[in-house]
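Asker: Here you go, one structure.
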Amino acid sequence: MHRVCFLSLLTFLPCSQDRVHHNQDLSDHPHDDNQDFQYDHEAFLGKEDAKTFDQLTPEESKQRLGKIVDRIDRDGDGFVTQPELKEWIKHTQNRYIYENVNKNWKDYDKNSDGHITWTEFKNATYGFYEGEEFGDLDDKHSYRKMLARDERRFKAADKDGDMTATREEFTAFLHPEAFDYMKDIVVTETIEDIDKNGDGFVEVEEYLGDMYSPETGEPEPDWVKTERQQFLDFRDLNKDGKMDREEIGHWILPTDYDHAEVESKHLLIESDKDKDDKITKEEILDNWNMFVGSQATNYGEDLTKDHDEL
């Protein structure tokens, strides 16, 4: 029997193998430029958005690509570097995250100043209960723990420590698994969810208990036996019978093949005609077929939106 862990009034954290955050491939198509550029299109534009680009003429595609290049060039120096290109690819692949933040933003930014303070978030999420010390709720202790946990995560996401979140910081608060600087808080919360004896480690039975609750007299399923062996062979790296913080980090936030890193280097190399390790808008437009080809996104409407996020 699989379970879902209740994280706070705002979010639910999936248990079991869903805790593991892998880098997903950028496209379901083979990366073979001799065949077509479909992989590159989906990597650069996002899988869903890329589907509508074939409705545009080459002239329309180039025009909209030019607007995208202006957004990729974050420092406005007229060049697109590999890190800027990588950041753009990561952004398009994680667009669902930013759409989720945008959808919820107005619920928390009560004074519409473009920031969310801890007080705004706390009042919107817990205010009804907290004013009466969680009133007549049966499980006041759990609510107090959730409030403390959210405050700790908010502080971790708040880089400058002013208890006021920018859109980027609020995105890190809602989706910490997507931000390197939030790794420690993700590990801490995972330990709190799974470590039942409170020793700061995750033992094999605690690991299995996060994904399976046996019925009395029920034989252990084969998949549970497999997971037990996975723990012994691949999770407990130092073979001391439990996972420490470092091992938990390797488990839930593994260092995978960085698809965005590889693709950004590929697009730059293929477009960098003067080999100066950066590309101009002209160089990108000259190679427009690799970036967008005869396919486009909903950038016709997307580019008219207010993009305050990353």
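Cβ atoms are placed via backbone N, Cα and C, with glycine included.
Straight from TrEMBL, here's the annotation block:
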type: SIGNAL; residues: 1-17; note: signal peptide
type: DOMAIN; residues: 60-95; note: domain 'EF-hand'
type: DOMAIN; residues: 96-131; note: domain 'EF-hand'
type: DOMAIN; residues: 145-180; note: domain 'EF-hand'
type: DOMAIN; residues: 182-217; note: domain 'EF-hand'
Asker: How many of the residues that make up the domain 'EF-hand' (145-180) does DSSP mark as helix, as strand and as coil?
Answerer: 25 helix, 2 strand, 9 coil
Asker: I'd like the per-state residue tally for the domain 'EF-hand' (96-131) from DSSP, helix first, then strand, then coil.
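Answerer: Helix, strand and coil residues of the domain 'EF-hand' (96-131) number 26 helix, 2 strand, 8 coil.
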Asker: Mean pLDDT over the domain 'EF-hand' (145-180): what is the value?
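Answerer: When the pLDDT values over the domain 'EF-hand' (145-180) are averaged, the result is 94.
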Asker: Counting by DSSP secondary structure, give me helix, strand and coil numbers for the domain 'EF-hand' (60-95).
Answerer: 26 helix, 2 strand, 8 coil
